[in-house]
Structure formats: structure tokens, C-alpha cells
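A.B. asks: What follows is a single structure, and I will ask about it in a moment.
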Amino acid sequence: MSYDEQLQWKQEKQYKILREMTKQLSQDSTHSFSNDLRFPLLAIVASPVIDGYRNKSTFSVNRGVDGNPKTVGFYIGNGKSGNIVCVHGDHLLNMPSTHKMVARHYEDFLRLSPLKPCILFHEGGHWREITIRTNSAGHAMAIVYFHPQTLTPEEISVHKAALVEYFTQGPGAVCQLDSLYFQETTMTRCSHEQSPYQLLHGQPHIFEEVLGFKFRISADSFFQVNRGAAEALYKTVAELNRACVGGTLLDVCCGTGAVGISLSPQMERVIGIELIEQAVEDAKFNAAVNKVQNCEFLSGKAEVVLPNLIATLNSDGGLTAVVNPSRAGLHYRVVRALRNHPGIRRLVYISCKPDGEAMRNFQDLCCSSDYKRKITGEAFKPTVAIPVDMFPHTPHCELVLVFER
């Protein structure tokens, strides 16, 4: 598809999703909704960069088309059918050449290593996927995941040294990695607290600039994968928030603080909440390095932190919430805390999958009061929606939805 065709397709898809939402809200709501949208869906905001925009990619390890188990790339097929094949990602338009080059060299390193890849944990093997992060200045960070199985720390250190040598002195030196991390883990996903990211070579962080603000990115921090489109997204949110200049902004699922910090010039106070401790450290650093003094960041599960925090907030000057959750949406207790606080008159919901779990959040924000489920606050209603294309060449799209009451 041409890019114009992609944008048209995404605009229509978001319209269908919002019509479905409107239909569901009309079945149980204090507001009357017709089957059509009762609020404007504005034109999709295009990504300023269409090709090679991803600043983070994770490559898996599995059997390739030729049967070689040390193939680094992406899966086609599925586990249920038992027909998974790992293919190279060199043809992918959304991936920069640096990511493809590091992945190819990691594959070369694995094929030289005496250790087997870890495809299924219980079958043994060690080498797992690799994540590559880059910034607009051209710096690159690689994170290699490794299953220790029964190896001793001394045995593992031999293979860590081989990895460093390959990427600093050997054929992988051409990748010019600024940071090389290593994480030993027996789980599919593992935080820094559960198993530390070990810096084997180079700098501990890379940095990115967004809307004139500088952001520090750690190995496991969340950062939007498309910097140019992230700027467009934050500008869109700032524009939508024009009516609420001043007052307090609650930034829920704040990551490294990008939304809160970029909106800080128009707010009196910004409070961010984030689960990943390292991301909170980065957010605090980012506020300090940018001399932003009206932001504070709290670490913990939003569903635990928010209800207690909200009870202490003074809504003088207005209280606006911005939520930017993962595909899993917001925890029910977070939605309930936001809904039940009378001071929050406006909520901006940034969703990367509005037809998934987020739909349940939309219903809980807008449904009639439900005393059994402890939803007692006045219902919100959607007032405007804007799609932002964060992911050209894929069916995915961010949707910014404003709810008011």
C-alpha cells in the first residue's frame, strides 16, 4: 500500500472501532449514544518518518528455513501447529539498517559459539533473543538474553567475554555498539530488579531528544518506538490539553516521563506513576537534566499507588489525567480510582490497541454507576478522538481519546 492508502485504511479502522465503542456504551450508559459517533474523529496524524523509524527491535532465535537452530530473526507460523520458522528481518521497511546489521552479526556469533540456543527452556540451551535500541544521533545499545541452565558463574563469564570480544575486536566491531548489556534469566520476561542487566561494554544509557527535551533511555525503559511520531503524539496531546492549562496533570504509566515532561510547561504540577523502577529513575533524571521543577515521579503499580495518592490531591486549578497503558489496558482499580475522584474532569487516554482490553476501560469510564463494583463517580463521555500513526507499514495505530464530564 502507498502511505496515503495506509493512512486512509487506518482512519477507517479507527472509525469502526469507535463506532463499536459507541454501540457498547449506548447499551449501558447515563448518556444517550446513537449508533453513529456523537463526537468528532479528527484526521489521522501522519508519521513524519515512514521507513526505518523503529528505535527498538527484538530478534528471536529459532530454527531457520534451512533447519539451523541458530537463526536470528522473526517467527512465521505458530507453536500450536508446530510449524514455527525463524526468518531474517532484512526486508522489513520499518527497521533501520543498524538493527538488521546487529542481528546478522549476533547470528554469526551464535554459530561460532559452542553453546546451544535456548528455544524451549526445558530442553536446555543458552542463547536467547537480542534487543537493539538506537537513537537519532546514531548511538546503539544491544541487550543479549541468556539462560544460565546449570552453568557456573565462572563458566558464564567465559561466554560473556567471547561476546564482548566479538562485538569490540571481532567481526561485530563494525556495528559500533555504544552499549552492550547481558541479562541472565530463567523467565520469558524479567525486570532489572529480578535479574540485573549487566553492562559488559560501553555506556550505561543512550539519550534521545523529543520536542527540545533530553531523555535518558535505560536497557528496559519504555520509550515510544518512533521518535518523530512520538513528537507528533505529544504535540497532539498538548493541543488537546490547551483547555486545561495550569492545574495538576496525573501521568499514569508514565515510562521515562516523556508525556509529563513535554506537557510540563503548560501545567502547574505533574505527577507521574510507573511500575518499572529503572524507568522512574530515568524520569527523575530527565526532569532534573531538563531543569523541569514541577514534575515528580512515583514508583509502583498504578492500581496500588493511585487510589491512595488521589485521596490526597487538591483539585483547585483543575485535575487532568493522561493514561498511556500497554496493550493490556489499565487495571480495573486504576479506572475505578480515576472515575471516583470528582476532581478529575478530563481524562486523555492514549491507546495502542483500542479494540483490545482498552475497550473495557472505556466502558468502565462511561457506564452508569455500579455500587456492586464500587463505581460511584459521575460518568465520563468521549468528546474527541485523534489517531496518530506511530507504526507505518503495519496495521497498528495509536488513538488519543479525550473523555470529559
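We count from 1, first residue shown onward.
Glycine is no exception: its Cβ is also placed from the backbone N, Cα and C atoms.
Annotation source TrEMBL lists active site, nucleophile at C352. Annotation source TrEMBL lists S-adenosyl-L-methionine binding site at Q224, E274, N324.
How buried are these features, and what lies next to them?
C.D. replies: Around Q224 (S-adenosyl-L-methionine binding site), the C-beta neighbours below 8 angstroms that are at least 6 residues distant in the chain are A230, L233, A258, M390.
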A.B. asks: In Å, how long is the longest CA to CA span across Q224, E274, N324, which the record gives as the S-adenosyl-L-methionine binders?
C.D. replies: 15
A.B. asks: Pick out which of the binding-site residues E274, N324 has the most other Cβ atoms within 10 Å of its own Cβ.
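C.D. replies: In terms of Cβ crowding, the pick is E274.
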A.B. asks: If I restrict to non-local contacts, at least six residues apart, and a C-beta distance under 8 angstroms, what lies near C352 (active site, nucleophile) in its own chain?
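C.D. replies: Once residues fewer than 6 apart are set aside, C352 (active site, nucleophile) is near S326, R327, M390, H396, C397, E398.
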